[in-house]
Amino acid sequence: MTTILQINSAARSQGAQSTLLADELTAKLQQGNPGATVKVRNLLADALPHLDDAVLGAFFTPADQRSAEQNAIVAKSDELVDELRSADVIVIGAPMYNFGVSSQLKAYFDWIARAGVTFRYTSEGPEGLIKGKKAYVVSARGGKHVGMPTDSQTPFLKTFLGFIGLTDVTFVYAEGLALGPDAATEALASAREAIAAV
C-alpha cells in the first residue's frame, strides 16, 4: 500500500495557495493509488522550535548519556524521520517567502538533518539515507522567479533533499500570484495543468 506524506509549510492557516495546490496534488496521487494512506504534517499547527543549545545538545549527546529532556527532543526528531522513511511519496507545499522557504520548513529540515540518521559521511563523500522515494514540491510565488537569480528556493530545495537521498524531485510552480487577477488565474491554471499530468 502506498503511503503519501504531505508537508504543509505555509505561514497562513487558511487560503495558502501552496497548501491548496498540494492538497490537489495529493488527491491526484490518490486517484492513481487506490487505498493509499495519506499523512499530513502541518508545520504551522505543529510548529518546531528553531535550533538552539537544547536541541543541538540533544542531537549530539550519545544516547546513553541523554537527559529526559534530551530524549524527548530526539524522540520528536525520530518521529519526523520515521514519517519520511515510511512514506513512498512526499508532497511539500512550499511557498516562496523573501526568495526562500518559510521558516517553518527550514526548522523542519533542521530537525530531520542528522548525521547517521538521514545522511552519513563516507570516504566517497556524503550519502543520503532517505532513498527510493518520489518527492514533489509545490511552490506558490507572488512574482516570477523560475530560472532567475531571485529563485534561491529551487536550488536550496534540490540540494537539501538530494543531500538526504531524495533525488527524484518534481517541482510544480504557481508563479505571479501577486501580479494581478489575470496573472494569478494563469498561474493557478498552469500549476493545475502540471498536477493533472502527474
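Every residue gets a Cβ built from N, Cα and C, even glycine.
Here is what Swiss-Prot records for this protein:
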BINDING   MET96, TYR97, ASN98, PHE99  FMN binding site
So around the FMN site, MET96, TYR97, ASN98, PHE99 aside, which residues have their CB within 8 A of the centroid of those CB atoms?
-> PRO95, GLY100, VAL101, ARG141, GLN153
For the binding-site residues TYR97, PHE99, the one whose C-beta sees the most other C-beta atoms within 10 angstroms | TYR97
Given the binding-site residues MET96, ASN98, the candidate whose Cβ has the fewest other Cβ atoms within 10 Å is ASN98
